[in-house]
């Protein structure tokens with residue numbers, strides 16, 4: 001183990017009183033600031049990295065929300081209004097389940113289901 005560290009020096013730099021040694025300049029800690037015009041509104045935006053809701057369900061959900069809002073604009077306490085929002089809730093649950101299913105699926109497994117004869121999908125018995 002000692003032979004691995006043959007050309008390594010563990011000594012530290014000691015300042016000297018000689019005047020011919022170059023002194024390191026003292027630098028204050030830098031602070032980065034941005035002009036107000038480049039800061040934006042201060043709101044953070046983030047994008048989800050997960051799978052998106054399938055377009056068919058998303059379109060149905062937006063349509064059912066519009067229908068529920070129209071139905072409830074007349075009488076918010078009616079049974080029709082409650083049924084319309086129940087439909088929105090069911091579509092929202094279906095969209096959530098579809099996203100979970102897409103998130104759990106492996107692209108290689110999907111590819112191998114469609115193309116089992118390719119080199120990437122070949123399995124060997126041991």
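Using N, Cα and C of the backbone, Cβ positions are placed for all residues, glycine too.
As recorded in TrEMBL, the features of this protein are as follows:
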type	residues	note
COMPBIAS	60-69	compositional bias 'Basic and acidic residues'
COMPBIAS	97-126	compositional bias 'Basic and acidic residues'
DISULFID	72-81	disulfide bond
DISULFID	112-121	disulfide bond
DOMAIN	57-126	domain 'CP12'
REGION	39-73	region 'Disordered'
REGION	96-126	region 'Disordered'
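For the disulfide-bonded residues listed here (81, 121), the lowest count of other CB atoms within 10 A around the CB belongs to 121. For the compositional bias 'Basic and acidic residues' (60-69), the list of distant contacts is 53, 81, 84-85, 87-88, 91-92, 95: same-chain residues at least six beyond its ends, Cβ to Cβ under 8 Å. Counting residue by residue with DSSP, the domain 'CP12' (57-126) contains 55 helix, 0 strand, 15 coil. Confidence in the domain 'CP12' (57-126), given as mean pLDDT, stands at 87.
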